[in-house]
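As recorded in Swiss-Prot, the features of this protein are as follows:
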type	residues	note
BINDING	Phe10, Ser11, Gly12, Gly13, Gln14, Asp15, Ser16, Thr17, Thr18, Cys19, Leu20	ATP binding site
BINDING	Cys188, Cys197, Cys200, Cys203	Zn(2+) binding site
Amino acid sequence: MKNDSAVVLFSGGQDSTTCLFWAKKHFKKVYALSFLYGQKHAHEVELARGIAERAGVEFHVMDTSFIGSLGSNSLTDTSISMDEDKPKDSFPNTFVPGRNLFFLSIAAVFAREQGAFHLVTGVSQTDYSGYPDCRDSFIKSLNVTLNLAMDEQFVIHTPLMWIDKAETWALADELGVFDLVRNETLTCYNGIPADGCGHCPACKLRKQGLEEYLSKRNR
């Protein structure tokens, strides 16, 4: 790929860890960029740091705590009980308004300073949680906007956009990091590593995908 450096938006969860190792396969130089946005499960950043060190990639953290104060959501506000299932006619209250918009915009500025013009994010439209900023149309639109804003040629890569959680597990296995992703990542909204709490939306999706993948792999 033209320009051999990439910045991975990295939370230390299943999706972004899979993307980190995908990026290592495709780029010579990889930066992992994490964000503190007021999330209740903020220790994910320290787990992310450890994974980045194991992967041998440069790790950075951005303080974006203002994001949590902009909109009401259950990931940053301890007074709000988390939706365990997606409401029929609205976003789940785990949606953090503007999160991916801010993360990708900040990542682009950071990347430009490193001379990197590839951004990698683990958003997916297939196992859709109802988050508008995970849609392919949003990513493509923002890619154009970032290029216009900085007169550069960024490329936003979304390796997981059109695959489901079972296929994401398969990709981790293909990349040789299945056990690392299963045992050392933090996907749980309640901040419990590996298999997590088992009942938040993120854990349910992760478990469902894992069981589906293992049932196919073990045939």
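Including glycine, each Cβ sits where the backbone N, Cα and C put it.
Sequence features, as recorded in Swiss-Prot, placed on the structure.
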| residue | record | DSSP class |
| --- | --- | --- |
| Phe10 | ATP binding site | coil |
| Ser16 | ATP binding site | helix |
| Cys188 | Zn(2+) binding site | coil |
| Cys197 | Zn(2+) binding site | coil |
| Cys203 | Zn(2+) binding site | helix |
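Look at the binding-site residues Leu20, Cys188 and count other Cβ atoms within 10 Å of each Cβ; Cys188 has the fewest. A straight line from the CA of Cys203 (Zn(2+) binding site) to the CA of Gln14 (ATP binding site) spans 10 Å.
Annotation for the binding-site residues Phe10, Ser16, Thr18, Cys200: lowest Cβ count within 10 Å of the residue's own Cβ, Cys200. Cys197 (Zn(2+) binding site) sits 19 Å from Ser16 (ATP binding site), taking the Cα positions as reference. Within 8 A of the CB centroid of the Zn(2+) site residues Cys188, Cys197, Cys200, Cys203, the other residues of that chain are Thr187, Tyr189, Asn190, Ile192, Gly196, Gly198, His199, Pro201, Ala202, Lys204. Reported as a whole number, the C-alpha separation between Leu20 (ATP binding site) and Cys188 (Zn(2+) binding site) equals 18 Å.
Most Cβ neighbours within 10 Å, among the binding-site residues Cys197, Cys203: Cys203 holds that distinction in the structure as shown. When other Cβ atoms within 10 Å of the Cβ of Gln14 (ATP binding site) are tallied across all protein chains shown, the result is 25. Reported as a whole number, the C-alpha separation between Gly12 (ATP binding site) and Cys188 (Zn(2+) binding site) equals 11 Å.
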